[in-house]
């Protein structure tokens, strides 16, 4: 899907969506801080942008109001669609995003039933030389979470960032970022604290770094992260490093993950520029 534009007024957004529907182009609206207009069929992007330019010149043109009536939006003439919570979740997340979320939830439930130690014996970073060829361990540490707040925080960010990467750049790109960041952030963290750690935060920080820098250097990629959020991520790293909140944080994984994401975004945006 491709985001075409955002409107501060949801009624204006609906007017444009209704008009394009009469032209045979289906757009959808997602409500965030503004009304974001999305196009599923990206092959029609140029046509939609041309119509948008005409619409913005005179959104009060009678043909747009007429389109709303044709689309069945009478009453005040316009209204914006409301999407149920789960529909919004489904629309943003691709299959890889969902598989990871489900896997983390299943592992979390197992940890509540069997105990943390029992699950860690199977999924933790290799804690004995005899386990170094159990290759899944270099990645499955990311599935383990030790509190409800821990898993909710990580999965919210994973859904928001991983879903955006998968929708815009494909499942393959999300898989590559996830595997590389899980491996390298885990390696660094075990150097800091030993093998007994877990959580998706190393991958989440990689996605933060990737989405932010890729959006800055390659806006046409369609992904972005507000600068305020990347500043928040850096503040959180500093807070964890100096133990300002008295919480046990995987500081090594956070720093390594962020570095991995930034490096991958730099390389990918460089390659994108070369292709132009």
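Every residue gets a Cβ built from N, Cα and C, even glycine.
Marked as transmembrane segment by Swiss-Prot on the basis of sequence analysis: 94-114 (among others).
If you look up Swiss-Prot, you'll see 142-162 (among others) marked as transmembrane segment, on the strength of sequence analysis. Among residues of the same chain six or more beyond the transmembrane segment (142-162), those with a C-beta under 8 A of the stretch's C-beta atoms are 89, 92-93, 96-97, 100-101, 103-105, 107-108, 111, 116, 119-120, 123-124, 174, 178, 182, 186, 198-204, 207-208, 211, 225.
Swiss-Prot lists 169-189 (among others) with the feature transmembrane segment. Among residues of the same chain six or more beyond the transmembrane segment (169-189), those with a C-beta under 8 A of the stretch's C-beta atoms are 94-97, 100, 125, 138-139, 141-142, 162, 197, 202-203, 205-207, 210, 221, 223, 250, 252-257, 260-261, 264.
The transmembrane segment feature in Swiss-Prot is assigned to 192-212 (among others).
Secondary structure at residue 201 (active site, nucleophile), as computed by DSSP, is helix. Long-range Cβ contacts of residue 201 (active site, nucleophile) within its own chain (separation 6+, distance under 8 Å): 154, 249, 250, 253, 254, 257. The active site, nucleophile annotation in Swiss-Prot covers 201, and the record cites sequence analysis as its basis.
Under the heading transmembrane segment, Swiss-Prot lists 229-249 (among others).
Distant neighbours of the transmembrane segment (250-270): 176-177, 180-181, 184-189, 191-193, 197, 199, 201-214, 217-218, 221, 233, 236-237, 240-241; these residues of the same chain sit at least 6 beyond its ends, with a Cβ under 8 Å from one of its Cβ atoms. As annotated by Swiss-Prot, transmembrane segment applies to 250-270 (among others).
Per Swiss-Prot, active site is recorded for 254, and the stated evidence type is sequence analysis. Residue environment of residue 254 (active site) contains 26 other Cβ atoms, counted within 10 Å of its Cβ in all protein chains. A helical conformation is recorded for residue 254 (active site) in the three-state DSSP classification.
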